[in-house]
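Everything on this sheet refers to the single structure shown next.
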Amino acid sequence: MRVCSICLDGFRNYTNFSASFDPGVNVIWGENAQGKTNLLEAIGFLSGARSHRARGDRELISFQRDQGTITAQVDSRDRTFLIEAQLARGRRRKLLVNRVKLKTAAELTGIVQTVLFCPEDLALIKSGAAERRAFLDHAICQLRPRYGEALAQYHKLLDHKTRILRDWEKNPSLLEVLEDFNEAMARAGALLIHYRAHFVGKLAPRAAQIQRDFSGDREELTLSYQTVGTVRNPLGPTVSIYEDLRAHQDSHRRAELEARSCLSGPHKDDLAAWIDGQPARQFASQGQTRTAALSLKLAERELFEDDTGQWPVLLLDDVLSELDARRQDFVLDRITGGQVFITSCEAPAGEISRGKILHIHQGALVDSPN
Ligand SMILES: Nc1ncnc2c1ncn2[C@@H]1O[C@H](COP(=O)(O)OP(=O)(O)OP(=O)(O)O)[C@@H](O)[C@H]1O
């Protein structure tokens, strides 16, 4: 899968802009606030018509304009697609593939998939479990639609159960349905745990290998899936996970009523990370944090390829800062397979063996030496 070329008009700080890309590495460099992330965002938009940072299309349209367009030629599944996104203020957006209007943005995900790393992803290592759960959920949802359904159902049930536990003293009749909620949550929760455990089982060795390659065999990254303590075998059949969750609910019933909140379940899961045996959250340096977060994303990308047979397009925003020369070299030269876009504030120090360098200044291409 590769993005061959893109045209942007009225998108962020781009007017009448076009660029073509290499099937390998594309380094997009320029000073601050020139449009590097905007370009990455436009490429990311081709997958699912979503931006990783805008809250709506309005933010994506240039300040002085009423509409903006992204047009791209993409090779995927041995075919060529022309993708067009027409964004307009006060009107619904239009998405077209080969000039045919799409019914849903999800149809784009079948053509282009992307894995994005941005500075906010450092939170994957340094912040609380919620960020890591969101990473797992996002990755597994893209691969397994059934997981997305179970996740949505679980969160709906959790909201209801939270309200029951909060209000039961005022309204004791609510307790009559508590068991039904527990039962349904254990069913959906068992599926979540099953999928997460299998995903992490495949992700962990890949991420560990990538971290070793990155650091010249100096660092060992260990990932471990942490779920409800009474689940004896998260990799086992969902029926036994379900039974363990039910037993756990029974033993915590009184505590939950007293606490008036839902104390445990897969909504508290974590993906714990250690570097050389020390918890990464407390002890990883800036560079190690960046490397570990990136190793997770690169491992996710490999699992995608295993599953679909195509490399997703890799978008790396501001990944090079804080990395030493060896780690920069790994990013620029040793990420193999698939197309990669990397933004940087500096021109690459050395040659890049395969790929293209695009210099961006005020939303325009300055030169492209190779
Ligand atoms: N809707 C918009 N219309 C016009 N300009 C916009 C719009 N949204 C953002 N910009 C501008 O685009 C410029 C470039 O933003 P971008 O985030 O791409 O910078 P960057 O090159 O990645 O910079 P940095 O290296 O600082 O991260 C900013 O000055 C921003 O104000």
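Backbone N, Cα and C atoms are what each Cβ position is placed from, and that goes for glycine too.
In three-state terms derived from DSSP, Lys36 (ATP binding site) belongs to a helical segment. The number of other CB atoms found within 10 A of the CB of Lys36 (ATP binding site), across every protein chain shown, is 23. Taken from TrEMBL, the feature ATP binding site applies to Gly30, Glu31, Asn32, Ala33, Gln34, Gly35, Lys36, Thr37.
Residues annotated as domain 'RecF/RecN/SMC N-terminal' in TrEMBL: 5-346.
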Task: Other residues, Cβ within 8 Å of Gly30, Glu31, Asn32, Ala33, Gln34, Gly35, Lys36, Thr37 Cβ centroid (ATP site) - done: Asn38, Thr343, Cys345, Ile360
